[in-house]
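**Q** If you scroll down you'll find the structure; I have some questions about it.
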Amino acid sequence: MQNINPTQTNAWKALEQHQKDLEQVTIQQLFEQEPTRFNDYSLKFAEQILVDYSKNNINQQTLSLLRQLAKECALNEATESMFNGEKINRTENRAVLHTALRNCANTPVYVDGKDVMPEVNAVLAKMKSFCQRVISGDWKGYTGKAITDVVNIGIGGSDLGPYMVTEALRPYKNHLTMHFVSNVDGTHIAETLKKVNPETTLFLVASKTFTTQETMTNAISARKWFLAAAQDESQIAKHFAALSTNVKEVEKFGIDTHNMFEFWDWVGGRYSLWSAIGLSIALSIGFDNFEQLLAGAHEMDKHFRTAPMEQNIPITLALIGIWNCNFLGAETEAMLPYDQYLHRFAAYFQQGNMESNGKYVDRSGQVINNYQTGPIIWGEPGTNGQHAFYQLIHQGTKIIPCDFIAPAQTHNVLSDHHNKLLSNFFAQTEALAFGKTQQEVEAEFIQAGKSLDEVKNIVPFKIFTGNKPTNSILVQKITPFTLGALIAMYEHKIFVQGVIFNIYSFDQWGVELGKQLANRILPELVGDEQINSHDSSTNGLINQFKSWR
């Protein structure tokens, strides 16, 4: 990947001037100027996903300049470098090949001259066999009973992705009950263990190194709980599986290495649900549906790699995001799925985006001080958010671009629930774009029989300025295939932005310092002696904790 400061490109400088030219033009005026705006500013994927980006503060010149920016930042070359297994994660000297995990075409993908696809396919075959045995009931626990509950123990990418997907695809779940434990707070594992029976529970310990503090602390507690009932360490093999690469530590734990599912250092944690880390997904929805999840992502990979920039959905979304955060001053993006099954979608991409692009050092090692990198990502399902934080989006002083996501078809046809849900989905983007003028507010009052003199003091509070940017993503139905495509779409959006930001999107050194300090503090919490080895605030907090515990 080349080292190109985006602010030094011709396109960036042109965009700065273009922003000034467009500053006084509202979204409403853009619609008036362009009668075919919806058709001209929307894209479809596989006739199952519609992305409408017409309600943004952009015109064709904006898009043209943004595409020029992508070209000047060598986006196409960077994309090919990723798909071809080059070590684009330079700070860790690793390839970035989550796309190989869902390479349904099975075309060779090389890392260091070796085709990785045979190993990928071998792990998938092993996962399929394991899933069939557990789901069918052939896999028995230590008392001869079939498995009824699966507990996934992981954190970060080993938890957020599998949990998000199993929740999103609950309509496809089988009889197995899934549980996810991530927090090192003992409450998380304790409350989970209250719900399950050691005779019929399977634990998946998801840790590449098998040394992750939070995961192994929870796994050891689960092991103790299990052995208190089983009274035989040899039975661990029937109730624990490992998603790891550390054979020695897995064996030491007592897990049969036949029940160890491998993945590779070219799989980043936040991109790992497509790997063995997705075993909990496959157990929950069946392996055929897991393959459909991979297939949807693979189709989006092909679209991203081959579609012209003008028709390329991930590139378009990424470029609009860069426009919003670097030229319009937005600092956050809200992800608002109008589907209760997608209630963890925003949390998943909060990690995906912020851990990838939350960087202040560019690819040359220089501090970035003249442009913004990754935005803050947040969100909740609609319509809940409407009764919580939409007030600020509509009438606050900050620009908050929003992605509204909804399925046209529901899995639960219940009275007119879905029409009411979707009426809100459509209404919100219309309200955010077009608002309500003073004249419209006054007209409403007059229609209600009020005089303008009576209401003049309340009118300003009921005005909506509009001109708030949104994308509308309408999915025909949330299926394993469309969910896979949606996830891959956002993954590639993040990649594109990282390329243009001139940062390394696939490391996460920002999580390390806190871990190091926690390891230093942990032994200090054991005794009762006063601590004075830190700053006065940290010393004071530790000592108060010791006196209160």
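Each Cβ is built from the backbone N, Cα and C atoms, and glycine gets one as well.
Annotation comment: Swiss-Prot describes E355 as active site, proton donor. Here Swiss-Prot flags H387, K515 as active site.
For each feature listed, report its degree of burial, its nearest neighbours and the pertinent distances within the displayed model.
**A** In the three-state DSSP assignment, the secondary structure recorded for E355 (active site, proton donor) is helix. Within the same chain, the residues at least 6 positions away from E355 (active site, proton donor) whose Cβ sits under 8 Å from its Cβ are R270, Q508, G510, V511, listed in sequence order.
Around the Cβ of H387 (active site), the number of neighbouring Cβ atoms within 10 Å comes to 9.
Around K515 (active site), the same-chain residues at least 6 positions away in sequence with a Cβ under 8 Å from its Cβ are Q213.
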